[in-house]
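A.B. asks: Dropping the structure in here first, questions after.
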Amino acid sequence: MSGGGVYVVLPIFIAEIADNGVRGALSSMAMMYVSMGVVIGFALASYLSYYLMPCIIVALPAIFMLSVIGLRETPQYLLKHGRDGEAERSYYFYKNLTPPAPNDKEAAHHDAAKMEFDTFRLQVLSGGVTQSITWRDFFNVPTIKIFGLIFVLIICNQLSGSFAIFNYTSHIFAELGNKLDPNTCTIVVGAAQLFGILCAVILVDRLGRRVLLLTSMAGMGLGELAIALLKICCSPEFLEENGWLPLVVMCFIAVIASVGVISLIFIIIIELLPAKIRSLGTSLSMATFSAFIFVSLKIYPTMIYDEGLPATMFMSSGMCLFGFIVLGLYLPETKNRLMTH
């Protein structure tokens, strides 16, 4: 429950305090740290006892709480609740601006920082954030289209295997005759995933969200198709002689999935949603996202163990193709979109 709350609040918080030029990078960085935690977890689990692990990990939430307890609320939230004075101080804090001198009202009126905040305030309030949310805010054509895109984004993110497939890395290696240590391979794939997200952090505000997402979806589909074809077309002798090949393909999938499908889903959802319903819309989207994580973790074991690895990979590759077509046709570029509307 607490983890689910973090996945709702954290992307909104980052998006609201970040400048447009670095919003994508900072939001992708959140997923980079998630992947770092996964890699560290893989590594520690290989060398530490089951009972020692929680004793080490429990320190991290405590450090996190102490680190963020003094942070201010976001300016958008404070303006929404009519706390303009606190919103102005919060805006100066997060934008690293020097507030105008309080004793010189005339100078303060013409201060550049003050004028910047006043412009920001008008933009936020013009988005209708102070008005009550009604069902009409959700049931209109533009918003329904947005939620339709978000739904496609979520089902393609999960049913393409971007989450579930990495839970069965060891099984996939065993199916493809890889003789390397399963724990070592899992750590290598986790490191590849981390590298992919680092690439997303560097590229997302340069190339935009749309290009990276579509490239990621196409590459992931091709990688999963390659795994299916390796299992179907290659003899056990060939796979045994070329045990490195499955590891290379899995690392490719980890990198290319992390460049867009894994790293950009939260920031795209937040940038698509109108400011007035962003918090509630993000909560609904994350609840749907969590539900599909549950669905994918139920589907994939059944598919892999009952239908076989090739059928599972063909299904995942097909979802990537579906997402590539639908999102390629209808998903707009959200880079540099104002968070006040």
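Start at 1 and count along the chain as shown; that gives each residue its number.
The backbone N, Cα and C atoms fix where each Cβ goes, and this holds for glycine too.
In case it helps, TrEMBL gives these features for our protein:
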- 1-335: domain 'Major facilitator superfamily (MFS) profile' (DOMAIN)
- 25-45: transmembrane segment (TRANSMEM)
- 51-71: transmembrane segment (TRANSMEM)
- 146-166: transmembrane segment (TRANSMEM)
- 186-204: transmembrane segment (TRANSMEM)
- 211-232: transmembrane segment (TRANSMEM)
- 244-273: transmembrane segment (TRANSMEM)
- 280-300: transmembrane segment (TRANSMEM)
- 312-331: transmembrane segment (TRANSMEM)
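Distances, neighbours, how buried they are, the whole picture for these features please.
C.D. replies: Within its own chain, the transmembrane segment (186-204) is flanked in space by residues 24-25, 28-29, 31-32, 35-36, 38-39, 42-43, 46, 166, 169-170, 212, 247, 250-252, 254-260, 262-264, 267, 335, which lie at least six positions past its ends and keep a Cβ under 8 Å from the stretch.
Long-range contacts of the transmembrane segment (211-232) within its own chain (CB-CB distance under 8 A, at least 6 residues past either end) are made by residues 156, 160-162, 165, 172, 175-176, 200, 203-204, 239, 245-246, 249-250, 252-253, 256-262, 264, 268, 308-311, 313-314, 316-318, 320-321, 323-324, 327-328, 331.
Panel annotation: around the transmembrane segment (280-300), residues 4, 7-8, 11-12, 133, 138, 147, 150-151, 154-155, 157-159, 161, 163-165, 167-168, 265, 269-270, 273-274, 312 of the same chain, lying at least six beyond its termini, place a Cβ under 8 Å from a Cβ of the stretch.
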